[in-house]
Amino acid sequence: MNSYDIAIIGSGPGGYVCAIRAAQLGFKTALIEKYNSLGGTCLNVGCIPSKALLDSSEHYHNALENFKAHGIEIDSPRVNMPQMIERKRKVVAQTVDGIRFLMKKNKIDVYHGVGSFVDPHTIKITGEKEENLTAKHIVIATGSKPSSLPFVKIDKERIITSTEALELQEVPKHLIVIGGGVIGVELGSVYKRLGAKVSVVEYLDRIIPAFDSALSKELYKVLKKQGMDFYLSHKVTAVERKGDEVTVTATAPDGKEVQLTGDYCLISIGRRPYTEGLNLEAAGLSTDERGRIPVNDHLQTAVPHIYAIGDVVRGAMLAHKAEEEGVFVAEYIAGQKPHIDYNLIPNVVYTWPEVASVGRSEEELKAAGIPYRSGSFPMRALGRARASGDIDGLVKILAHAETDEILGFHVIGARAADLVAEGVVAMEFRASAEDLARISHAHPTFAEAIKEAALDATGKRALHM
Ligand code: FAD
C-alpha cells in the first residue's frame, strides 16, 4: 500500500493548489479525483467554461450592437452554437491539461476514482480498480454541487443547472432563470446576448444580494436596459415540464400568481457542499446542518490531521478562496504560520459591465454601527470609458469616518474584475482613502475612477465631476 505525507481528495482549485504547495514544501503528495478530468467544478463546469461563453457571447453582442457605432460594417452576424460550445470545450481541455502538467512537474501522484475513508489514515480509491493508500495528513477538497428546490425535478434537458447550461446546443427561445445570484445573471447574460428572451425570477428584492446595494441597483438597471426581464420578490412554487415547454409558477409580492412559460429553466439558487461517498463516519467526522464539514481557524476538522478546504467548508464559494485555503493547509502542516483575511477575498460577477467588490458593503457597515464616509464616481465621466463606449457603472469607496481606512471597495463597470485588485492591495496594506486619492493613476484608464472616488470620499473633491 502506498503511503504519503499528504493525500488530498478532490482536484478543484482547492485540492490541486494544495497539492502543488505541499509538493513545493517537500511533502510526498497524492491527489485523488473521481472524474478523469482534473480541475474540479471551476475548470470543468464553472469559472472557465462560463467565462469562455461570456466572452463569445460578448463578441457576438458587440458585432450586432456596437460595431456600427465604431464605424465597422459587417453583414448580419449569426450564432453557431455548436462551434461556440466546441471552442469552450477546447479552452477547458487546454486548462485541464495544464493542471495535469503541473501535477507531473511537481511529482504529485494522481489517482482517479472515488476516495472514501476506511479509517482516519486510510483512503480507499474506487475507480477502474480498487486500491488503498495511507497518509499522515488528509485534506478534503470535495467541493460543491448545484442546489435545487425540493419540489423541482431537474431533468438536465429542459430543467437544468449551470452544468447543462454550459453545454446547450441551441439558443433558448425563452430561458427562465430561477435565482438572480452570480451564476444566474452570468448565464442569463450569455443567452440574452445570444438572442434569447431571459426572465430572472428572484426571491429577494434585488439581484446579486451579496453585493453592496449600489452595485446591485446599477447592474439591475443595465441588464434591464439590455432586455432582461426580472421578477423580484417572487417566490417560485412550481416548475413543470410538458414536452419541450417548462412552466414556472411564482407568487408575486401582492400575493398574485404569475406563470412564465419557456423552453428552458435554469435553476441557479446556490450550491451545496458535496461529501457523498466520502464515508466520513469511518474517519470520525460528520457534517453540520448545512452539509458543510466543520473546521477550526486552521482548517482542521474534528480529527486534527484531517483538514477540509474550499466549497465544502464555511465561507464564500469561490475558486480563489479555495486556493488560498489550499496553500494555507500545506503551509500549516509544514509548521509555518499562514494567514487568510476572509474579509479581503474579492467577489466578482462577469456580466458586462462586470461587478467586483472587496470588504464591507454600506449595509454591513450600517448594521455594525461603524461610522463611515462614502465616495463614488461614475464611469461615464472618464475619457477611457467614452473612448471605448463602456460608460455604465461606478466606483464606490467606503472609508472609516475617523481613521479614513478603506473598509469597502466596490466597482461596477468595464474591467471591474481587474480593477478590484487595487482595492485588495490597498486594503491588505490598510491604506486610507487619502492614500488612494494621492496615487497617480495612468490616463486614460478605467482605474482613474478609483482615484476620483477616493477624492470624493475624502472631502468631496473629485476633479472631473
Ligand atoms: P471543486 O472545484 O468543486 O472540486 C471538487 C472536486 O472534488 C471535483 O473535481 C470532484 O469531482 C471531486 N470529488 C468530490 N468527491 C470526491 C471523492 N469522494 N473522491 C474523489 N474526488 C471527489 N468561482 C470563482 O472564484 N470565480 C468564478 O468566476 C466562478 N464562476 C463559476 C461559475 C459557475 C457556473 C459555477 C458553478 C461556479 C463558479 N465558481 C466561480 C465557483 C468555483 O467553481 C468554486 O468555488 C470552486 O470550484 C471550488 O473549488 P473546490 O476545490 O472547493 O471544489
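Glycine is no exception: its Cβ is also placed from the backbone N, Cα and C atoms.
It should be emphasised that the depicted structure is a prediction, and the values quoted were computed from it without experimental measurement.
Of all Cβ atoms in the shown protein chains, 11 besides its own fall within 10 Å of the Cβ of HIS443 (active site, proton acceptor). Residues or ranges marked as active site, proton acceptor in TrEMBL: HIS443.
In the three-state DSSP assignment, the secondary structure recorded for MET317 (FAD binding site) is coil. Taking the Cβ of MET317 (FAD binding site) as reference, residues of its chain lying under 8 Å away and at least six apart in sequence are, in sequence order, SER144, ARG271, ASP311. As annotated by TrEMBL, FAD binding site applies to LYS51, GLY115, THR142, GLY143, SER144, ASP311, MET317, LEU318, ALA319, HIS320.
If you draw a 10 Å sphere around the CB of GLU202 (NAD(+) binding site), it holds 26 other CB atoms from the protein chains shown. Taken from TrEMBL, the feature NAD(+) binding site covers GLY179, GLY180, GLY181, VAL182, ILE183, GLY184, VAL185, GLU186, GLU202, GLY270.
Summarising the environment of CYS47 (disulfide bond), the number of other Cβ atoms within 10 Å of its Cβ, over all protein chains shown, is 20. The annotation disulfide bond is assigned in TrEMBL to CYS42-CYS47.
According to TrEMBL, the domain 'FAD/NAD(P)-binding' annotation covers 4-326.
For the domain 'Pyridine nucleotide-disulphide oxidoreductase dimerisation' (345-454), the predicted model reports an average pLDDT of 98. As annotated by TrEMBL, domain 'Pyridine nucleotide-disulphide oxidoreductase dimerisation' applies to 345-454.
Sitting within 8 Å of the Cβ centre of GLY179, GLY180, GLY181, VAL182, ILE183, GLY184, VAL185, GLU186, GLU202, GLY270, and not among those site residues for NAD(+), are the Cβ atoms of VAL177, GLY188, VAL200, ILE207, ILE208, SER268, ILE269. Taking CYS47, THR142, VAL185, MET317 as the candidate recorded positions, the subset whose CB lies under 6 angstroms from any atom of ligand 1 consists of CYS47, THR142, MET317. Rounded to a whole number, the C-alpha distance linking LYS51 (FAD binding site) with CYS42 (disulfide bond) is 10 angstrom. Less than 8 angstroms from the CB of CYS42 (disulfide bond) sit GLY12, PRO13, ILE48, ALA319, ALA322, each of them six or more residues away in the same chain. Counting in whole angstrom, ILE183 (NAD(+) binding site) lies 10 from CYS47 (disulfide bond) by their C-alpha atoms. DSSP assigns HIS443 (active site, proton acceptor) to coil in the three-state reduction, outside any helix or strand.
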